[in-house]
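Notes for the one structure printed next.
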């Protein structure tokens, strides 16, 4: 059974009643239970539901642009009025976009409930041009703030919440820690966030983890900026950036420099959500597996979470990083998908009861 960590008894009872999946025994796929195997195989095993997006490019204050992919769900029979149709903002992982299978599954779950979704694609990775020599990082929340206020301004009467996966979850947590209660979001769901970046990169630099994940992730980061080389060469030694062989080296040469940090340690400290968890001012449910090499168990801020009545952690013993595969042939739905669906529905349909039970 997952470990449910929450100091607020009302929040616990709310989850037990309206999101019971967090108290049920999670049975990982028996031939794929180890965390690294779950992490590696999930993208290949899970299905890719068909989703038709409507793309929108919005301008930023510094002259850049952000690509949003909307799933309007105009055929919703539960919420035919678009002005009050509940909206879920989805934040993919480090180099992820609206095409990731876990995002498609979240949209599929939302579609069945009648909700609308919008995917926040970080700058420069969803096919759009980079108009300024700036991309994104886990610590800088300016683009996310712009997107949240843009979406809310379009549908001010619609219930609104967000879900972030991996780095998307870290970014969302850092935003919530910064804004407290001053946000249009009702609640948030966080999946497989890296809580302490120092511990995450150290874990990923262990020999086997470097071979399986770190080097590949570094090449993905390099690939995401290579097509914008002409724009980025105005500020960076791109030859040096392209020589990076670890995420830490990439962040040292590129990410920390781009966002003006004096050192990579300053950036990693600012990017670590564990430092801001005490300031979160809306209900947040966070799912992590303790065998996730991207977010080691000892770095999950259990004691800090207990100090904030708005926070609930759900910790499984297996599941890896964005894995959570279950069943003999886990193509259709993962444990993570079920947590997402039940929590989103609980918030939109019973959210007023979270702290009033």
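Quick reminder: no glycine exception, Cβ is built from N, Cα and C everywhere.
Summarising the annotation, TrEMBL assigns domain 'AB hydrolase-1' to 86-327. Summarising the annotation, TrEMBL assigns active site, charge relay system to 166, 292, 321.
On a Cα basis, residue 321 (active site, charge relay system) lies 8 Å away from residue 166 (active site, charge relay system). The Cβ of residue 321 (active site, charge relay system) lies under 8 Å from the Cβ of 35, 38, 39, 166, 192, 289, 292, 293, 294, 295, each of these being in the same chain and 6 or more residues away along the sequence.
Neighbour counts of Cβ atoms within 10 Å were compared across the active-site residues 166, 292; the minimum falls on 166.
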